[in-house]
Amino acid sequence: MTGRNQTVISEFLLLGMPIKPEQQNLFYALFLAMYVTTVLGNLLIIVLIRLDSHLHTPMYMFLSNLSFSDLCFSSVTMPKLLWNMQSWVPSIPYAGCLTQMYFFLFFADLESFLLVAMAYDRYVAICFPLHYTTIMSPRLCVCLVVLSWLVTALHAMLHTLLMARLRFCADSVIPHFFCDMSALLKLSCSDTRVNELVIFIMGGLVLVVPFLLIIMSYARIVSSILKVPSARGIRKAFSTCGSHLSVVSLFYGTVIGLYLIPSSNTSTVKETVMAMMYTVVTPMLNPFIYSLRNRDMKGALGRRPSSSSLQNESNMKMGNETVISEFLLLGLPIESDQRDLFYALFLAMYLTTVLGNLLIVVLIYLDSHLHTPMYLFLSNLSFSDLCFSSVTIPKLLENMRSRVPSIPYAGCLTQMYFFLFFADLESFLLVVMAYDRYVAICFPLHYATIMSPRLCVSLLVLSWVLTTSISLLHTLLMAYLSFCADNVIPHFFCDMSALLKLACSDIQINEMAIFILGGLVIVVPFLLIFLSYARIVSSILKVPSARGIRKAFSTCGSHLSVVSLFYGTIIGLYLCPSADNSTFKETVMAVMYTVVTPMLNPFIYSLRNQDIKGALGRIFSKRTVHFSLGQ
């Protein structure tokens, strides 16, 4: 017994999800997509409620707290699950395990109490409609929310402190994807009777009592609804609480399915799968339920809040009566007598971009010597460059030959989506390539182990999923704006900033999304690349021989050139002040990163890279041999 008590567990191993190894990448991409959807969906609900004055009511105050709770609830477990799915040793420190357990209990309990508060709000709204504003006063609403937060904080803290007093012996393997309280109790070699007693008593307070209160609220609601004489009144009454009832059914349905319904399957597998339901699926679906089933939320998405009611009325009249079916693209600031020259120049540059990047992709595919992580990322970068140019240049060339350089409204949004998608994808791919070079130079002996095929595929999938989500969010936010009489875009493509200047709606949400996500897409990748190269330079300077230094620099010279070219144009466009006309400057700099950068990247990687030149030589030598044998 003494030996057992003296064993100190410093970390736990999380077995994770019951997934076969060959399905690991598929489920990683699926969980990542679900988590990103959860974060973006719940953030959208919070921002909408904050900005739209029509939603400043008790019901939506509770809903914003519920969305915040859902966002945090998923963030407690999902990032660690995704990290462990790509880790050789899916561990979590002892302190980290207790911290995760605390916040898991906190946000799970908070959701339960918030659902009760929302049920009470619906009960008052339907049973006492004339006294609703008096009963659901701001003071009562704040008290209900604060009470929910305090009770859940104390409840979660009590369980965590009781868990911290337990001892854990040799077995440190948790058969779950997070630090579940029941799984930890099974591993303990101390007496857990006090913990089990508290779970039994407090479980009633946190789950059973809220569930009974919700049932009672809806029993009174149904009783009041049945007294309404008209069918229209009944439908209206049910519609006011339909979204909340769906969320309640989803939340408590998974809890009942996990704890009350017996199963013939292995209990551990069942618990893990059901836990995935209420930690990932439920928080992801809640925003959809409140946006698809709720007229107020759909109305808020379509409305344009403004600073004054007069301006709001004016905007609504102009925005609702004027329907923009197409935009006019002013194109490049070129004199009419120079149009043919620039047309030929851009056509030549576009063809060079397509052929150069296609050559890189085909070379990497055909030459087995290039089947390495670095060139897997490079082939994706070349494909991204090819598509990035193809989003804007063909339309530019067409409009240079057209009398009316127009683009349909739907085509404009589509072009904006793919422009953002491939621009963001390039930024993330450059980070991934910087990490690859960092591992190659700083950990050369462990390179093959660290940069495993699974990690490489996961990094690519992560890049594609993030860029899809970010560009889709920007496009959806743009689609909700109204455009009035002015439909002339002073650019050669549908640039997001140019479109925002034309909108006659309130663009606060769009600007907030640009500010927040711009940091994720531009600033964070740039800092990560900078940190990677700082570590690389630090390692290179420790190399004693000049030849070793040259070799180390040569392995990342091409990538550094591409990074300088890509971020140099962005810094020149957004950070460097200019005395020129801003529209002219933006257009010229946009040509740099949409045409020039994608065109130069293949030359940088072919002229500065010995592997690519070697692959070209091998391909041509094979063709020469085949040609000679044929003759």
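For all residues, glycine too, the Cβ spot is worked out from N, Cα and C.
Automated prediction, rather than curation, is the source of TrEMBL annotations.
As the structure is a computational prediction, the values presented were derived from the model and not from experiment.
Residues annotated as transmembrane segment in TrEMBL: 26-48, 101-120, 140-158, 197-216, 237-261, 273-292, 341-366, 459-483, 512-531, 552-575, 587-607. The domain 'G-protein coupled receptors family 1 profile' annotation in TrEMBL covers 41-290, 356-605.
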- Item | Best-contacting stretch, by C-beta pairs under 8 Å, relative to the transmembrane segment (459-483) and drawn from 26-48, 101-120, 140-158, 197-216, 587-607 | 26-48
- Task: Kindly say whether the transmembrane segment (197-216) and the transmembrane segment (341-366) touch, using the definition of 3 or more Cβ pairs under 8 Å where each pair is 6 or more positions apart.
- Result: no
- Near the transmembrane segment (26-48) in space but 6 or more residues beyond its ends, with Cβ under 8 Å, are 17, 19, 55, 63-64, 67-68, 70-71, 74-75, 78-79, 81-82, 85-86, 280-281, 283-284, 286-288, 290-291, 297, 300-301, 458, 461-462, 465-466, 469, 473, 509, 512
